[in-house]
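Written out below as structure tokens is the structure these notes cover.
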Amino acid sequence: MTSGSLQFTVLRAVNPATDAQRESMLREPGFGKYHTDHMVSIDYAEGRGWHNARVIPYGPIELDPSAIVLHYAQEVFEGLKAYRWADGSIVSFRADANAARLRSSARRLAIPELPDAVFIESLRQLIAVDKAWVPGAGGEEALYLRPFIFATEPGLGVRPATQYRYLLIASPAGAYFKGGIAPVSVWVSTEYVRACPGGTGAAKFGGNYAASLLAQAEAAENGCDQVVWLDAVERRYIEEMGGMNIFFVLGSGGSARLVTPELSGSLLPGITRDSLLQLAIDAGFAVEERRIDIDEWQKKAAAGEITEVFACGTAAVITPVARVRHGASEFRIADGQPGEVTMALRDTLTGIQRGTFADTHGWMARLG
């Protein structure tokens, strides 16, 4: 199969998982616990561009110990899901937006951009050989797709590499919340920041996530599930929650208003975030993208003005927030249960992804 100037070759796994093995894994897939039988690999070399597009058996890769990615972290990645609909078709949600964001991240890390058409074709190629790994319709299970690009050129000089590799791997993913949506408690980090103006916060870059691990551990030590990030300059303004964007609901019912931090260059432009903003507008809610500081959050939560808070991202879709710890203080969001607006938006978004709600924005695309 060709995509632009690239032709994909397929080398099938000699010993793929048996039907019984795969079905056992799909019953309790977890997240990132199992992987499909194959992966996509595409090479890049300066002067030649992207080439050698292949579907190959999933397995270890060979990398020179001095590969630039191992020393200077020159890599970017994406995350999206493939869903099986009731008619048997396999679809993706806004994969074109993931392709565009991967290019944007690559530009920020001085990595060659992978053309959108090649990105989309890589998804189709992997689904074609591993379609049996996509969980059945009707539940919240899906096949998680992880595309990433990393510098493979050996060398210890601090400079952009001239050789790269694109890989696409896939992992069946179970429902994020078992037994119902579980609100989380969050720890507001005042010592650490996720990103700063002019930095890499808007890129989906592994270094951002590595730098968040210490603060996440601090949150756990303080009895919280997730960390909330403040801005790097004033340490006042809410930016993100863990690796997710965050929303505040003011008021209730049809007059509810949604507020989310504006994209300042230090926030990841989440695809779920963008989708929820559109769905909120469709539902008749007022939406604002603006700065909101920790004092406003605490005061308006205490006054009952902020009635719901949730974070959003590919893995969990929407995660409600029940309790907030900030230094020595602690406060709750309303009654600590998932709110009406939160659940309505979640139901609409997951309904579109599952094919049970109308896709009025043309977000779903067939992969197989």
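Cβ coordinates are placed from backbone N, Cα and C, and glycine is handled just like the others.
These numbers come from a predicted model, not from an experiment.
What Swiss-Prot records for this protein:
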type    : residues                               : note
BINDING : Arg101, Tyr209, Ile271, Thr272, Thr314 : pyridoxal 5'-phosphate binding site
MOD_RES : Lys204                                 : N6-(pyridoxal phosphate)lysine
Lys204 (N6-(pyridoxal phosphate)lysine) and Thr314 (pyridoxal 5'-phosphate binding site), Cα-Cα, nearest whole angstrom: 13
Those recorded positions listed as Arg101, Lys204, and which of them has the most Cβ atoms within 10 Å of its own Cβ: Lys204
Same chain, 6+ residues apart, C-beta under 8 Å of the C-beta of Thr272 (pyridoxal 5'-phosphate binding site), given in sequence order: Asn245, Cys312, Gly313, Thr314, Val317, Ile318, Leu349
All-chain count of other Cβ atoms within 10 Å of Ile271 (pyridoxal 5'-phosphate binding site): 24
CB contacts for Tyr209 (pyridoxal 5'-phosphate binding site) [other CB atoms within 10 A, all chains]: 14
